[in-house]
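Here is what TrEMBL records for this protein:
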DOMAIN    B:29-94  domain 'HMA'
TRANSMEM  B:117-139  transmembrane segment
TRANSMEM  B:145-166  transmembrane segment
TRANSMEM  B:178-200  transmembrane segment
TRANSMEM  B:206-224  transmembrane segment
TRANSMEM  B:361-380  transmembrane segment
TRANSMEM  B:386-411  transmembrane segment
TRANSMEM  B:674-691  transmembrane segment
TRANSMEM  B:697-715  transmembrane segment
Amino acid sequence: MNVLVILIPVSLILGGMGIAAFLWTVRHNQYEDIEGDAARILFDDDEPNP
Amino acid sequence: MSVMSCPGCAGAPLAEETARSFPASSAGDTVSLSLPGIHCAACVSGVERGLSRLPDVLDARVNLSLKRVSVQTRGDADEDSLINALLELGFEALPLDSDTLRAGEGDAAGRALLLRLAVAGFAMMNVMILSVAVWAGAADATRQLFHWISAIIALPAVAFAARPFFASALSVLRVGRVNMEVPISLAILLASGLSLYETMAGGEDAYFDAALSLTFFLLIGRYLDHRTRAAARSAAQELAALEVPSATCLRGGEPVRVKAADIVVGDLVQVPAGGRLPVDGVIDAGRSQLDRSLLTGESLPVAAQVGHEVVSGEVNLSNPLIVRATAVGQDTTLRRMAEMVAVAESGRSHYTPLADRAARLYAPLVHGVAAFAFIGWFIVTGDVRYSLNIAIATLIITCPCALGLAVPAVTTAASGSLFRKGLLIKSATALERLAEVDAVVFDKTGTLTDGTPILEDLQNLSAEDRAVVLALSQSSAHPISRLLAAALEGMQVTPTSLDDIHEIAGRGVEGLDGLERVRLGKSQTAVGGTVFQRGDAAEQVLRIDESLRPGAQDLVASIQSQGLHVELLSGDTEFAAAKLGARLGLERSKGDMLPADKIDHLATLQSQGKRVLMVGDGLNDMGAMAQAFVSISPASGVDATRATSDIVLLGRSLAPVQDALKVSRSARARIRENFGIAICYNAVAVPLAVLGFASPLMAALAMSSSSILVILNALRVRA
């Protein structure tokens, strides 16, 4: 049962990383213009912005 | 090469290399413009690149979902130059009042729900892992440890994630009512509280997973609900944003740029061609044509000259005008309409959704049974902790989950099926209300008809006359001439060359075909309408009629066959309304209706006990739509009208309205079945719980199986 000492923190950390990534996307307005983002992928210009 | 193309982008040049500068920290103003015409990737990049190339623009970002662009300027670029730049690129742009919009900007509520959903999901998964171990037989110290870890995860998570339910429950309890959130909140709170107590006391059973999964599933329902309504911004707010934020006034002979709020009665306001009138007033100089669709809903322009009264919100089409302001600020017609809509909207919010009606029955019943279990067990055993345990297990197992999902699951399934048919459901209770409708009221122009006139009589002209009519109509900018010219060009007619073509104001266009005088314009006789006349021969009438929207005829017939009361209310003339009514076989049609008349008429119908569905598209229908029991508007309608309506019709055809009526009735049946399922479920689960056989595993099973049943039943919604 000692393996729990490792496994429980590991599962919590993995879950925590997931939620942190999700919070980041929300904070950075990634769900504000879903339609527009779907369109932007079709832009012809692949060169990065200066 | 560009792969996507759309009519709106035909004029959008493929921009070459542009140097884009990103907003500096000291950015100037942010200007918001509405772009009604954009709808694809090429539009987005065309607008953004075009604007970024302007010297004063720091950054431009298009939001395609809202059809808006927000532009960061260096401070000295004004809206007009941006709008003109966009017009040159081929995009129609309208100024929006950023301050008015900002009030409702950024879907804060949706974001908060998403955060809570994520937290609840994360916590639920972790606690569930631990719970499975406990169910599988972990005992003593291991079980204690798992319960404590669960408590540490679950309690803060519940406190954060379930707050919308607590807040909603609290707010209705304060006014002495109950809704579905009351039993939900109670179950969540008691489940967490009991579990914490049991954990501290070293007990066997903890319901942390139940509290969290309840929160998680119900938050999903909430979020889905919120998303379907996210498009529904407050109608009054959109209307206010339509107002022109600034205008040019002549003060002491000098043009001065002033804020719309600072115009005073008596000011001379310059209205450029294409501009929207900022105030009510009388024309002081100039002669032009106005788009008065705001008041009448009619798309054909009206001539305006010195002395005519004009109204805020109308659009000046052809020539600049100078208007002497007679009503400004809060007194303008546009503002009064916004108020009318706000009043009508607030009157409608009295509808009690099915879910809340069910909660009114359910909450006292369940709470009564739990109290009864507690008292019964206390009398039998005399053990407070044991009795309380059973009472709370009863509350948890009675599954507010199934009840909480009964309505959102059906609405989401029905909205999805209607979306595929081209209908957007915006209001959560729209389907429930639609199912109860027993009267339908239609607007005319733009709703039953397409708004684009068709020409019936051109076929009757001789080929020679057609060529002459085309030559005459091409020489005039009058809207009817343009229509004629477009129709004739479509018929592959080549214009005759005429001599001495000249326009006679108020009469039409004249010219010489050889030696014969030919005229296109107003009839000289009592008939009225547009005529073509060759020499002194008889006038040939060119009737202009409206084409029906596809599906209109079928829709009206099907609604009538269902025995519903149908009416036509139009801002157009009584004659035009009656004519269309006769064409569709409608018995009741009324013309000359001002926005306020429409509202009054609907109020009268409703006082007779009718539940009215209003289908309309113009700003003049907005008040009536807010007044109606439920409303539908086509996507071609004005933004503000779409915002007021409960359901938006995406395509051109009206046929989906029939589907909406059918689906709504089917949805209502499914919702009732779902309540039935929840009741049957409780009929089995409650006795077990009251008798003391409930366990956390049973609660988890009950919750998931009943939820799945309810969702499966919801998927049976069919048109």
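Along the chain as shown, residues are numbered 1 onward.
Placement of Cβ uses the backbone N, Cα and C atoms for every residue, glycine included.
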Top Cβ-contact partner of the transmembrane segment (B:697-715) among B:117-139, B:145-166, B:206-224, B:386-411, B:674-691 (pairs under 8 Å): B:386-411
Residue counts (helix, strand, coil, in that order) that DSSP gives for the domain 'HMA' (B:29-94): 23 helix, 19 strand, 24 coil
The transmembrane segment (B:117-139) versus listed stretches B:178-200, B:206-224, B:361-380, B:674-691: most Cβ pairs under 8 Å: B:206-224
Long-range environment of the transmembrane segment (B:206-224) - Cβ separation under 8 angstroms, sequence gap at least 6: 110, 113-114, 116-117, 120-121, 123-124, 127-128, 131, 134, 147, 150-151, 153-154, 157-158, 161-162, 164-165, 184, 187-188, 191-192, 194-195, 198-199, 392-393, 396, 400-401, 404-405, 408-409, 412, 696, 699-700, 703-704, 707
Beyond the flanks of the transmembrane segment (B:178-200) by 6 or more, those residues with Cβ under 8 Å of it: 144, 147-148, 150-151, 154-155, 158, 162, 165-166, 168-169, 172, 206-208, 210-211, 214-215, 218, 355-356, 358-360, 362-364, 366-367, 388-389, 392, 395-396, 398, 400, 403-404
